[in-house]
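The structure appears right after this line, and notes come after that.
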């Protein structure tokens, strides 16, 4: 391999971002990933394991790790923490009963040292469903205001079904990560 | 070895030393000889001991073959255990492994009087047994690239089990949650809701006992929790259905996704666009969707479910991530299925 190709490769790598999508089962993680990638979302089975999608977004390459949220496999989330630049926490805004569960799992996640530098995007999904809580309400229930002051975070309402709000959320996430790790650009 | 060295060093080292040191040295020598004697005694005792238990080659061989037989039968049992109670498999293999090493010890203890042919053939038998165990182990507890092992999950599951008993309200904040549409806390009732023409997005069924529920028309999402001995007949759901903590129920459901948690002794008649999943459930049976009511075709089409997908039988069990069929669910035998259910007929 010539020096130039090595430099090119490093350069290309530099524009990569690693995004980890987590959240309770049934929150819509896989649907969100497929939707922003412009794929069909009508037939999605609950994720058994994980999916990786590489998406070119603006001038960056996003490696999105979409990890299954069933209770049995949540303990495996930590296998994906390493080198995460952006963390996406997906909430089913219509699942009022499990908001407690949702808060507990998010709190556990944010205690994780390996994720301490990651920007956090909270997607209040399923806004298309009547009766869903608004992003402001979700923020209140999850007590986001009391989060560690050093954390970069934002909550955005979205609907993976219609696609609304997804770009707004990912725009913020990518910009925030970029401004942190590619400051020299 | 150490003893030898101290003896050979003796003449050169002790020559010019004073009496005190010599005394010390003598004490050391005494200690060493005592130790030597003690060792001889115990080894003699051990010999006579094993000689008592198996004085001859033939008695050794009969003991050997008896334990080999028991190990063989244990090995044969493991396939049965793998299908009936896989969680026991690991401890079962551990037992076999320890029996094999006991057998190995037996051979080693008796090797001093056994003819070398017997020693070799016994060792060969032991290594065969070990190999068989290894093969069974890798076959029945397969290593996957990304596997969810029962052991690790069981640990995580324990403290979490009581969670579903939590009350509906969110206790973590003072925030008051609106009550979404649904049926809650009912016993022995027939609950009917026509969803068509309403603005209802999600619908909740919770804490119902011995009720019959009929939802006619489409909605976006359904949540069910803590239902016992209920019958639930439901028009197509566009998004997903989430079920947690149900026992002795019959469900007739159609949806894009269906997740079933903590279900016991339930029958599910499903039409699903994706693979239904179960988690922490057992004795659940599956059959195709069988609901009929005036205008159901229109609703099925609206939800993208007008055609049978066959997914009702493609159940993923998150507590059984193996190639072989999960023991927690099965296909409902055709002769036990209810026929077409028409909402006009049911419960009236």
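Placed from the backbone N, Cα and C atoms, the Cβ positions cover glycine too.
Caution: TrEMBL annotation is automatic and unverified by curators.
What TrEMBL says about this protein:
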- A:23, A:24, A:25, A:26, A:27, A:28, A:29, A:30, A:69, A:125, A:126, A:127, A:128: GTP binding site (BINDING)
- A:30, A:47: Mg(2+) binding site (BINDING)
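Everything TrEMBL records as a feature, shown here on the structure.
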residue: A:23; record: GTP binding site; DSSP (3 states): strand
residue: A:29; record: GTP binding site; DSSP (3 states): helix
residue: A:47; record: Mg(2+) binding site; DSSP (3 states): coil
residue: A:69; record: GTP binding site; DSSP (3 states): coil
residue: A:126; record: GTP binding site; DSSP (3 states): coil
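Chain B lies within reach of A:25, A:126, taking the binding-site residues A:25, A:27, A:30, A:47, A:126 and requiring a CB-CB distance under 8 A. Put simply, of the binding-site residues A:23, A:126, A:128, the one whose Cα is nearest the Cα of residue A:30 (Mg(2+) binding site) is A:23.
Put simply, residue A:47 (Mg(2+) binding site) is 22 Å from residue A:128 (GTP binding site) when counted between their Cα atoms.
Counting only the Cα atoms, the space from residue A:47 (Mg(2+) binding site) to residue A:69 (GTP binding site) is about 7 angstrom. The maximal spread of the GTP binding site, taken as the longest Cα to Cα distance among A:23, A:24, A:25, A:26, A:27, A:28, A:29, A:30, A:69, A:125, A:126, A:127, A:128, is 21 Å. Here the binding-site residues are A:27, A:47, and the one with the most other Cβ atoms within 10 Å of its Cβ is A:27.
For residue A:69 (GTP binding site), the same-chain residues 6+ apart in sequence whose C-beta sits under 8 angstroms from its C-beta are A:22, A:23, A:24, A:25, A:26, A:27, A:29, A:47.
Of all the binding-site residues listed here (A:25, A:128), the one with the fewest other CB atoms within 10 A of its own CB is A:128.
Neighbour list (residue A:126 (GTP binding site), Cβ cut-off 8 Å, at least 6 residues apart, same chain): A:28, A:92, A:93, A:94, A:132, A:159, A:160, A:161.
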